[in-house]
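What TrEMBL says about this one:
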type: DOMAIN; residues: 18-117; note: domain 'Cadherin'
type: DOMAIN; residues: 142-227; note: domain 'Cadherin'
type: DOMAIN; residues: 228-335; note: domain 'Cadherin'
type: DOMAIN; residues: 336-440; note: domain 'Cadherin'
type: DOMAIN; residues: 441-534; note: domain 'Cadherin'
type: DOMAIN; residues: 570-666; note: domain 'Cadherin'
type: REGION; residues: 767-788; note: region 'Disordered'
type: TRANSMEM; residues: 690-711; note: transmembrane segment
Amino acid sequence: MLVVQMVWTLVVGQVRYSVPEEAKAGTVVGRLSQDLGLEAGEAESRRLRLVPQGRRASVEVSGASGALVVSSRLDREELCGKDAPCALRLEVLLERPLRVFHVELEVTDINDNAPVFPTPQKNLSIAEFTTLPGSRFPLEGASDADVGSNAQLSYTLSPSEHFTLDVKSSDENRKSVFLMLAKALDRETMPEHRLLLTASDGGRPSLSGTMELVISVLDANDNAPQFNQSVYKVQLPESAAEGTVVVRVNATDPDEGINKEFSYSIVNSVPAGETELFRIDHETGEIRLMGSLDYETVTFYELQITVKDRGTPPLSGHCSVELQVLDVNDNAPEVRVTSLSVPVSEDAAVGTVVALLSVSDRDSGANGRVRCLLWPASPFGLVSTFAGSYSLVLREALDRERVSEYEVEVRAEDGGSPALRASRVVRVPVSDVNDNAPSFAQAVYTVLARENNAAGAELARLWARDPDEAGNGRVSYSLSEGGGGGAVSGGGWRPASSYVSFEVRAVDAGEPPLWGNATVQLFVVDENDNAPSLLLAAGGAGAGAGGVLSGEGSSFLEPGSLWAWASWGAPAGQVVAKIRAVDADSGYNAWLRYELLEPRGKGAFRVGLYSGEVSTTRALEEADGPRQRLVIVVRDHGEPPLSVTATLSVSLVESSETVLAAADSSSGLRGVVEGGVGAVGSVSVWATNVWLVVAICAVSSVFVLALLLYVGSRCWPRSAVLSGAGPTTLVCASEVGSWSYSQRQSRSLCVSDGAGKSDLMVFSPNFPPPPPLPPGSAGKEVPTLLDT
């Protein structure tokens, strides 16, 4: 290795060497023994060495060669720092004889140290805008442990549009470094600048050191807070609950510190005055609903939001929140009757408009679409005229007598989910027209009336029903004569026979009036007001035929008595006489029975119960005497029964010639005897025959009528014959050709089979009160009365 040495031999015996720093150990600094003039081997024998001093010298004397060599690392900066030159003063000791030599060792500098800044990073704070361009900020320069040119530093700054480097040199070795502002700073654009300051020395090769400049731009309140959106669009259903978050607005402020602190507020709303419906959190910007939304009232809200910082002066930003309210099916349909034309005449034409309806729903879309229907089924229908309007029209003919009022329910249902419903009841009364004539329950009424009724007595109640109302249903009654007999007098009807037929007319008060008729068949029911009477007429020829003679006008018979004769020896069952009697009544009241009143017990004669024939019970004997006196009672079947008593004198003779001989003595009696049985007095045979003919005809007529009623009862409903709960009169035809009646409880017409007679039953005239009037008949006339 080549080592440059410089040796100066001074007059005073001082040796000077030079060695570069950082020379390796073992490097020969100089041949000290030679420079001190020692012979070879003398340095070792005389123990040439360095005298230790207070600090490490990093060099030593080689004992064998006597050379000064590097023993350890030489660091000029460590040994001498910034002193230049760096000379080490060494003392060398030589013994036998003892001598001291002074050696000066200069350690020369090499560029082994780069410039070093006091700190690797320098922080600066510069206010934006308020710091003007040209402002300078001093920086600490770098230091270099080397000396000389190796320590001469130059500075450079990383490129920046805002900063430049200004270096001032006070002398060759001292420089002042300044950071100069070339352009105003904007913290919001670049809040921090990082620059690299480099210091380079003059060595070869050049070494450098760096320091980072961190420049923080101090904020000024030069920025207003800004929202991240100028318009926030939100949708909420109208059913949103109170406290629901509407939206959260967000603003930012690029300033810092108090300039970055801001608060939110609602300053205005559309519609006006709705700000209280919403609340905004001043710190977070969260907007909450503080009331209820109603789509049908307000569908859209616009809120003006302001954010303001706390700088001086404060700056603010603005945005708007547009809230669209979504419809919810929260409103049921509404049904209103806008016009109602009632009552509706029952003869109104099909298509007549009864009512106008308005149907609405405050909701929108499907929630507001409404469909309508009628319930229950009725003669009316709904016709849609235009949106939301309906007409209630007549679809079928009306009949007030069938339905006098309709309750029509209009049902509305919207299209929401779930659907909401509403209804409205429309009452439609039907007004009456006179389209119904009065009608009786029966076309023919059969009335049984007792004879001897007083004038004005009620015979029956007839009631005609007219389903119309008011005057159209108010009925008046009148009588008109019909066929079948009868006459009208000032006091009412007076029967000319037991059967009367007439018509009752019922007329309403409508315009024009309508009427209806009913036929009344009046049967006069007999009362037992006539006692039986005896017929004083001839009944046979001779004793064999049996005869009855009256004592009236006879010279040998007692007046008021009846006479008959019988022959002795006549066999049992021989008819000796026949008592004839009639009763002016009819039916049971005229049905006569004959009873033997005297003599009582077992006698020679008996009387037929219904025939009136007096016959022998045994053969007549002389012991029976010349004359038998019989008292015969004739009773009817009335209640109570009436009777008449006849006294019959029966003369017992040997033969009929005896009777004829006795008759010669009286020409009047002769004529009677020749006739068989005679009637003395003014009663003639002709009158008797007339009565018999009349009775036969009457019985036949009643029988035919009863037969017709019987057939009719089998064809008509029983309830249509006659209504009544009283006793019925049984009119009976007996086998003996007379009529009788009795009171029995019955409600139907019937014929009963009996051994001796057939009973024909018809209804009693004792009718119960008529049934209650039907609804709507208030104010009508009460049924008329048939007066006798």
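Cβ coordinates are placed from backbone N, Cα and C, and glycine is handled just like the others.
On a predicted model such as this, the values are computed, not experimentally measured, just so you know.
Taken together, the residues in the domain 'Cadherin' (228-335) have a mean pLDDT of 92 on the 0 to 100 scale. Within the domain 'Cadherin' (441-534), the DSSP-based counts of helix, strand and coil residues read 4 helix, 49 strand, 41 coil.
Taken residue by residue, the domain 'Cadherin' (142-227) breaks down under DSSP into 4 helix, 41 strand, 41 coil.
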